[in-house]
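Novice: Pulled the feature table from TrEMBL, pasting it below:
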BINDING   N11, E372  Mg(2+) binding site
BINDING   K18, H192, L193, G194, N195, G196, D266, F267, R268, G318, V319, G320, E321, N322  ATP binding site
BINDING   R75  substrate binding site
ACT_SITE  D132  active site, proton donor/acceptor
SITE      H164  site 'Transition state stabilizer'
SITE      R225  site 'Transition state stabilizer'
Amino acid sequence: MISTRTVLVLNCGSSSLKYSVVEPDSGSHLADGIIERIGAGPIADHEAALRAAFGELADAGLDLDSLGLVAVGHRVVHGGPDLYRPTIVDDALIATLEALSPLAPLHNPPAIIGIEVARKVLPDLPHVVVFDTAYFHDLPPAAAQYAIPREVSAQWNIRRYGFHGTSHRYVSEQAAEFLQAPLESLNQIVLHLGNGASASAIVGGRPQDTSMGMTPMEGLVMGTRSGDIDPGVIMYLNRTAGMSMAEVETMLNRRSGVLGLGGEIDFRLLHRRIESGSESDRAEAQLAYDVYIHRLRKYIGSYLALLGNTDVITFTAGVGENDAAVRRDALSGLAPLGIELDEHLNDSPARSPRRISFETSPTTVLVIPTDEEMAIGRACAGAIDG
Ligand code: ADP
């Protein structure tokens, strides 16, 4: 009997642990789950969360010892300037990750805790880290560099790193597969629209630009993040409004974006407010939606200019996969640029990769479900294969 190998994929936040068991060779998911409210109630810490995840797997009839696990894959948001290959964890790597934490203070520390706990609980398996920044490591300097003094960038490792790279890579490869065209032949725009949101422009499988920057705060309007903002606003809030930098950071990360403008994070609820809220709720929610779409169109337009000729635009993640109105409004009126959505295809929901543009549209528009866990599982399998 040929035994199938599986990878346990972990994504640790400060108060949640997402887990999946995937088969990298077949592409199937054996289990997906999330343990939330770490630090509250019975889930005292990340170790308790991991044990709770094992409990859920056991309840689903998945016994760890007979699962055929060959590795544990860990999603790490920031790899800094030097780490970008899927890397097998050892003590030196942990120390390097700890040194990188100031670059991603909200994201890397809980991931490191997750890795350490998982190494303790599953000491006999290789642990592999996969970085959200990896795919964008070789962005052209014109896209990666901020226009600040070079010596400041160099001293402090300031550059545009980009995030959601695992998803942009996976979705752009899936798009090529769907079109039965070599990846190398395609100019692509990928729009990853979830709670976090980012766009990328890709030429022949190599990203040329992406909307997130040194941190995941730059770019598109997101569920709770502002995206692009004049840095002058930050100084003004600090100097004149008397907000501390920590307060400004929390505001821009957690209380801004669609939530800050329209009172909801979730697009389903935002649409409901627009349709049936009180007059003032309706106006707020509409403004949030309009600002979101306006920013998205600005990025699409800039990437169309960057690419010159765009073969395919792909929507992915929670909003991109499910919200037909966002897709329609992001691309309306662009027939002169070769982008023609088929409203009927756009409005028909489906879980699998699909085209939503007319067959005659010079630029093909696709919806492709992202699968970051599978992409991480495959990267792990590749890393342990050497
Ligand atoms: P994350 O960035 O947390 O991984 P997801 O990619 O899962 O986020 O996206 C979550 C978001 O997707 C939700 O907050 C919601 O706005 C949106 N979403 C999910 N389902 C739908 C739907 N059926 N219609 C519109 N938006 C949806």
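Backbone N, Cα and C atoms are what each Cβ position is placed from, and that goes for glycine too.
Keep in mind that TrEMBL annotations are predicted by a computer and have not been checked by a curator.
Source: prediction; values computed, not measured.
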Novice: Scan D132, L193, N195, D266 for recorded positions whose C-beta lands under 6 Å from an atom of ligand 1 and note them, or write none.
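Specialist: Result: N195, D266.
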Novice: Can you tell which of the binding-site residues (E321, E372) has the fewest other C-beta atoms within 10 angstroms of its C-beta?
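Specialist: Relative to the other binding-site residues in E321, E372, E321 has the fewest Cβ atoms within 10 Å.
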Novice: Across all the protein chains here, work out how many other Cβ atoms are within 10 Å of the Cβ of R268 (ATP binding site).
Specialist: 11
Novice: Could you tell me the C-alpha distance between K18 (ATP binding site) and R75 (substrate binding site) in angstrom, no decimals?
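Specialist: So the alpha carbons of K18 (ATP binding site) and R75 (substrate binding site) sit roughly 10 Å from each other.
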Novice: Only counting partners 6 or more residues apart, tell me which same-chain residues put their Cβ under 8 Å from the Cβ of R225 (site 'Transition state stabilizer').
Specialist: G196, P216, M217, L252, N253, R254, S256, G257
Novice: Using Cβ atoms only, which residues of the same chain lie under 8 Å from N195 (ATP binding site) while being at least 6 residues apart in sequence?
Specialist: M222, G223, T224, I265, G318
Novice: Give the sequence-ordered list of residues that share a chain with L193 (ATP binding site), lie 6 or more positions from it, and have CB atoms under 8 Å from its CB.
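Specialist: The list for L193 (ATP binding site) reads L220, L296, F315, T316, A317, G318, V319, G320, D323, V326, given in order along the sequence.
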Novice: I'd like to know which of the recorded positions K18, R75, H164 has the most other Cβ atoms within 10 Å of its Cβ.
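Specialist: Of the recorded positions K18, R75, H164, the highest Cβ count within 10 Å belongs to H164.
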Novice: Taking the Cβ of V319 (ATP binding site) as the centre, how many other Cβ atoms fall within a 10 Å radius?
Specialist: 26
Novice: How many angstrom lie between the most widely spaced Cα atoms of the ATP binders K18, H192, L193, G194, N195, G196, D266, F267, R268, G318, V319, G320, E321, N322?
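Specialist: Among the residues the record ties to ATP, max Cα distance equals 23 Å.
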Novice: Please work out the number of neighbouring Cβ atoms within 10 Å of the Cβ of the residue listed as 'active site, proton donor/acceptor', leaving out its own Cβ.
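Specialist: Other Cβ atoms within 10 Å of the residue listed as 'active site, proton donor/acceptor': 29.
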